[in-house]
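Visitor: I am attaching a structure below and will ask some questions about it afterwards.
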Amino acid sequence: METGNLTWVSDFVFLGLSQTRELQRFLFLMFLFVYITTVMGNILIIITVTSDSQLHTPMYFLLRNLAVLDLCFSSVTAPKMLVDLLSEKKTISYQGCMGQIFFFHFLGGAMVFFLSVMAFDRLIAISRPLRYVTVMNTQLWVGLVVATWVGGFVHSIVQLALMLPLPFCGPNILDNFYCDVPQVLRLACTDTSLLEFLKISNSGLLDVVWFFLLLMSYLFILVMLRSHPGEARRKAASTCTTHIIVVSMIFVPSIYLYARPFTPFPMDKLVSIGHTVMTPMLNPMIYTLRNQDMQAAVRRLGRHRLV
């Protein structure tokens with residue numbers, strides 16, 4: 001497509017993770033295993049929480065929603081990456097690239113807001129244990145979950161609205177395995193310094209502030225636990241520790257990628273793999289391995305299926 005003297009690109013080319021065919025095959029097998037594990041682990045959480053009446057509490061309904069987010073988030077990048085690892089030419093259309101950016105930031109933004117809801121849930125459970133069920137009623141937690149999805153949608157629309165007007169007239173080589181703002185922005189045929197600043201403010205600083213507030217919230221919760229009896233304190237502390245691990249796994253890579261100037265660094269791809277592929281797989285493992293109620297529910301589900 002031509003406008004004046006500019007030839008607009010119709011697609012982008014990924015450099016991917018490796019140019020060596022043998023290594024690409026190995027990476028395909030490894031990440032196929034990771035993606036299958038991600039899908040099965042998160043589906044297991046969704047089915048377990050849905051089918052086990054003992055888990056029909058706000059905390060586990062929130063955990064189920066997190067599993068849905070993890071499943072969808074990994075599916076934005078992993079299937080395309082797997083196909084490209086077996087392909088000679090790794091391309092994505094302009095429309096596909098913008099779509100990937102939209103869903104990546106939609107689900108990533110929803111994840112950020114959703115982790116705040118989970119922190120709020122734990123705060124109510126520990127500070128007001130006798131009123132927990134009353135405060136965290138169905139209307140409230142459903143409203144909070146809907147708000148997280150709406151928040152992610154608004155965040156993504158802002159990202160996309162800033163990207164769509166940009167002209168892309170070449171080159172079209174992306175040194176990555178998926179479309180994301182930092183890499184695509186560098187290919188625009190115009191000065192993007194102001195836009196880069198707006199992107200860092202919209203994503204990076206939001207991540208930093210949100211991460212700090214969440215850590216302070218969990219620190220406050222852990223301090224409050226000192227007044228609880230032994231067994232209740234141990235169980236609540238284990239749950240909070242799990243949440244802190246998950247929050248750190250999600251926010252630290254995101255801060256690295258978006259809270260700095262969009263200059264490429266050698267670690268970028270490795271951090272992106274952890275952020276987009278590994279974390280969605282590890283989240284269900286962390287929650288099931290550290291949560292005795294989830295472990296018991298999974299065993300009950302297994303026995304029920306065998307009967």
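From the backbone N, Cα and C atoms, a Cβ is placed for every residue, glycine too.
Annotated topological domain 'Extracellular' per Swiss-Prot: 1-25, 80-100, 159-195, 259-269, in sequence order, evidence recorded as sequence analysis. As annotated by Swiss-Prot, N-linked glycosylation site applies to Asn5, with the evidence given as sequence analysis. Among the features that Swiss-Prot reports, transmembrane segment is placed at 26-49, 58-79, 101-120, 140-158, 196-219, 236-258, 270-289. Positions annotated as topological domain 'Cytoplasmic' by Swiss-Prot, on the basis of sequence analysis: 50-57, 121-139, 220-235, 290-307. For Cys97-Cys189, the entry in Swiss-Prot reads disulfide bond, with the evidence type sequence analysis.
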Visitor: Applying a 10 Å Cβ distance cut-off over all chains shown, what neighbour count does Cys97 (disulfide bond) have?
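Guide: Around the Cβ of Cys97 (disulfide bond), 24 other Cβ atoms lie within 10 Å.
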Visitor: Ranking 26-49, 58-79, 101-120, 140-158, 236-258 by Cβ pairs under 8 Å to the transmembrane segment (196-219), which is first?
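Guide: Looking at each of 26-49, 58-79, 101-120, 140-158, 236-258 in turn, the most contacts to the transmembrane segment (196-219) are made by 236-258.
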Visitor: What parts of the chain pack near the topological domain 'Cytoplasmic' (50-57), using Cβ distances under 8 Å and only residues at least 6 beyond its ends?
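Guide: Those are 64, 133, 293-294, 297, 300-301, 304, in sequence order.
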Visitor: Any chance you could find the range in 26-49, 58-79, 101-120, 236-258 with the most Cβ pairs under 8 Å to the transmembrane segment (140-158)?
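Guide: Against the transmembrane segment (140-158), the leading stretch is 101-120.
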Visitor: How many other Cβ atoms sit within 10 Å of the Cβ of Cys189 (disulfide bond)?
Guide: 14
Visitor: Ranking 26-49, 58-79, 101-120 by the number of C-beta pairs under 8 Å to the transmembrane segment (236-258), which range is first?
Guide: 101-120
Visitor: Reduce the DSSP letter at Cys97 (disulfide bond) to three states and note it down.
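Guide: The residue in question, Cys97 (disulfide bond), is helix (DSSP, three-state).
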Visitor: Helix, strand, coil: count each for the residues of the topological domain 'Cytoplasmic' (50-57), based on DSSP.
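Guide: DSSP classes over the topological domain 'Cytoplasmic' (50-57) add up to 5 helix, 0 strand, 3 coil.
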Visitor: The topological domain 'Extracellular' (80-100): which same-chain residues, six or more beyond its ends, come within Cβ distance under 8 Å?
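Guide: Long-range Cβ neighbours of the topological domain 'Extracellular' (80-100): 9-17, 24-25, 27-28, 31-32, 35, 160, 163-164, 168, 177-179, 184, 277.
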